[in-house]
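Visitor: Got a structure for you, questions after.
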Amino acid sequence: MKDIFEKLAAQENLTEAEITAVAEKIFKGELSEAQIAAFLMALKIKGETPEEILGLVKTIKKNAAVIPSQTSDAMDNCGTGGDKSFSFNISTTCSFVLAAGGIHIAKHGNRSISSKSGSADVLEELGINVVLAPEKLAQVLDETGIVFLFAQKMHPAMRYISPARQALGIPTVMNLIGPLTHPMDLETQLLGLYQADLQDDLAQVLKLLGRKRAVIITGPDNMDEAALYGKNHYTLLDNGQISQGSFTFEDFDMPKVTLEDIKGGDAKENAQILVSVLKNEPSPYLETTLLNAGLGFYANGKVDSIKEGIDLAREVIASGKAYAKLKALQEAQVD
């Protein structure tokens, strides 16, 4: 590791082979927590390249659990986290709306790393078993159109890196690659990113991973979700072509909602918020969900514009289908 640390300290990029070799050492348990933390920090300070990110992603995916699903067009909408916004679980709430709108959702997520409540925490609070066997998870997805894939269960070797991540307590390359290491080969993806200037790099990685269509979104104040109070920046990957765009709440005639308006709490509080949104109870949480679910429908290609996606999300929630999708998962993803 000495050569690697010296190279990173000199602000030199690693080759895919070099970072793959480091990743294999990490995921075999051959490096100490101190070495892993030093590696993550050195990479963060230098700045990660698409090649470095791809090398890590490939190594992690190679060792991931296999989900034997018959679903070939699955989508994920998880974000990187790490934005310190302490908002409610937006992408988790949106996943039920997207699934109710006809998209097969394989939601990849974890426990809280830098927030009060991760997706796994809030779903457990709702009675959903996040540690089922891969075969059962595949059955749930095929039968209900939605499933939650717990990252720790999908990537058991990640246990070697988790203590270092928690000790650091700040976003690292592992936040960036979390949404990229989905165990299934996704067709489409909505990826929330806490740093807008990294969007193009991640779009390049998604392209190399074979995504047909994807949207990477960074909200105001570097949120890893779209928000209704400032400018949102996104990158669209569509059949190999990459383009950028931006929007504000005013573009869609939606109300202004501040970050303070959508603060979440612990898993119990966030579970209550999620249910209230899916029951179509008016609130800033509902409006924020409509925006992000609309963006998800657009990322999937289900609609031709974000505005059409917002309208579809509104219709799906008002019809009761989104809440029904939650009930379906609660009944299916159990012991």
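Glycine too: its Cβ is placed from the backbone N, Cα and C atoms.
According to Swiss-Prot, the protein has these features:
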type	residues	note
BINDING	Gly79, 82-83, Ser87, 89-92, 107-115, Ser119	5-phospho-alpha-D-ribose 1-diphosphate binding site
BINDING	Gly79, Asn110	anthranilate 1 binding site
BINDING	Ser91, Glu225	Mg(2+) 1 binding site
BINDING	Arg165	anthranilate 2 binding site
BINDING	Asp224, Glu225	Mg(2+) 2 binding site
Visitor: Going by C-alpha distance, which of the binding-site residues Asn110, Arg165, Asp224 is nearest to Ser87 (5-phospho-alpha-D-ribose 1-diphosphate binding site)?
Guide: Asp224
Visitor: Say you check the Cα of Asn110 (anthranilate 1 binding site) against those of the binding-site residues Gly79, Arg165, Glu225; which is nearest?
Guide: Gly79
Visitor: List the residues of the same chain that sit at least 6 positions away from Gly79 (5-phospho-alpha-D-ribose 1-diphosphate binding site) in sequence and have their Cβ under 8 Å from its Cβ, in sequence order, or write 'none'.
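Guide: Once residues fewer than 6 apart are set aside, Gly79 (5-phospho-alpha-D-ribose 1-diphosphate binding site) is near Ser91, Pro179, Leu191, Gly192, Leu193, Tyr194, Asp224, Glu225.
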Visitor: Express the distance between the Cα positions of His108 (5-phospho-alpha-D-ribose 1-diphosphate binding site) and Arg165 (anthranilate 2 binding site) as a whole number of Å.
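Guide: Just about 18 Å between their Cα atoms.
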Visitor: Tell me, how many other CB atoms lie within 10 A of the CB of Glu225 (Mg(2+) 1 binding site), whichever protein chain they belong to?
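Guide: Total other Cβ atoms inside 10 Å, all chains included: 28.
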